[in-house]
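Record features (TrEMBL):
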TRANSMEM  10-28  transmembrane segment
TRANSMEM  48-65  transmembrane segment
TRANSMEM  77-99  transmembrane segment
TRANSMEM  139-157  transmembrane segment
TRANSMEM  169-187  transmembrane segment
TRANSMEM  207-228  transmembrane segment
TRANSMEM  240-263  transmembrane segment
TRANSMEM  296-320  transmembrane segment
Amino acid sequence: MPGLAKKTTFWAKTGIFCLLLGFIAYTLKHQVVDWSALGRQLRHTTWTSPYALTLLVLVPLNWTLEALKWQWLARRVAPLSFSEALGGVLAGLSLGMALPGLGDTAGRVLSIRGTTGNGSEETPNRAGAVGAAMVSGGMQFYVAVVVGAVAWAVHLAKTPVRNTPGGQALLALLVVLSAAGVVLNFYRNRFVDWSVRWPKIGRYNAYWAIIGHYSHADMAVTFGLALLRNVTFSAQLFAAFRLYGITLQPLDLAAGVGVIFLVKTVTPAFNWLSDLGVREAAALWVLAPYALPAPLLLTATLTLWIVNILLPVGVGLLVISQGVIKKS
């Protein structure tokens with residue numbers, strides 16, 4: 001059975017990746033693509049414009065907010081300095097390029113030098129650190145759903161072709177999930193207590209027991225930092241589109257950006273290439289009703305990926321190689 005599960009997972013991931021590539025190829029094939037327009041736009045792009053500066057200046061703010069969120073949550077396991085938290089986040093980003101879903105958590109866990117509670121200076125509470133990383137990622141996911149619900153509602157109002165029963169059903173689902181997150185927050189302690197009673201679930205209790213150690217104020221601060229980060233990288237993508245001459249009305253473009261990040265968040269990625277493919281495919285699908293030039297959309301999302309992911313990954317590799325994060 002384990003072998004079958006691995007094969008199923010492998011082929012499912014491969015299938016998703018092929019679908020992404022197929023959708024991008026289909027869009028380019030069925031759209032009158034003028035690659036010379038991209039060349040002209042690149043030649044006329046002003047790299048000292050406010051949009052370019054916004055795109056670049058917000059990179060450190062984006063990862064500073066993520067580091068502050070990790071520092072805030074990790075303090076229930078072990079106090080971290082800001083530099084340690086930032087090092088853990090960037091190291092996790094780098095490791096996540098090779099191991100999506102695992103590398104990010106591993107980098108953060110390695111930033112925990114010692115701990116309180118069940119750990120010690122010799123044996124840090126790695127399980128608690130994993131739980132804190134789960135809360136961090138889970139909150140960012142939840143914020144993407146909440147913001148995505150608002151963005152999708154605006155998108156439906158602005159694009160009648162998408163305002164179908166299916167589109168309305170998706171909006172209802174997003175609203176329900178947003179409300180469910182609020183309810184779960186108030187009943188998370190009961191969930192931890194309840195999970196202990198079930199052996200198959202309770203064996204993971206060591207990882208999510210940390211959830212019960214956070215107060216409502218802790219969760220509110222975490223939500224606020226996650227929301228600020230969402231606004232930050234959304235502003236970056238908005239600026240990238242404007243930089244390459246996408247001149248949609250501000251509200252239409254802002255709603256499209258919110259939906260793009262919603263799609264990117266809920267779609268699984270199993271390596272850096274599929275992560276990039278999700279971004280590109282999401283931009284093409286979300287903004288399809290506006291008949292915008294596909295090359296410009298692809299270039300804008302690629303530019304954001306380079307400045308917001310690839311460059312910080314380089315910094316993260318330096319963090320790892322220089323031993324800023326030390327194993328306990």
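Here the Cβ of each residue, glycine as well, is placed from N, Cα and C on the backbone.
Here the transmembrane segment (77-99) touches the transmembrane segment (48-65). Their Cβ atoms form 3 or more pairs under 8 Å, with each pair 6 or more residues apart. Of the candidate ranges 48-65, 139-157, 207-228, 240-263, 296-320, 139-157 has the most C-beta pairs within less than 8 angstroms of the transmembrane segment (169-187). Across 48-65, 139-157, 240-263, stretch 139-157 shows the highest tally of CB pairs under 8 A with the transmembrane segment (207-228). Packing against the transmembrane segment (240-263) from elsewhere in the chain are residues 41, 45, 49, 51-52, 55, 144-145, 147-148, 150-152, 154-155, 158, 174, 230, 233-234, 278-279, 282-283, 285-287, 290, 292, 296-297, 299-301, 303-304: each is 6 or more residues past its ends and has a CB under 8 Å from a CB in it. Sequence-remote contacts of a segment are chain residues at least 6 beyond its ends whose Cβ falls under 8 Å from one of its Cβ atoms, and for the transmembrane segment (139-157) they are 69, 163, 167-168, 170-171, 174-175, 177-178, 181, 219, 222-223, 226-227, 229-230, 234, 251, 254-259, 261-262, 265-266, 286.
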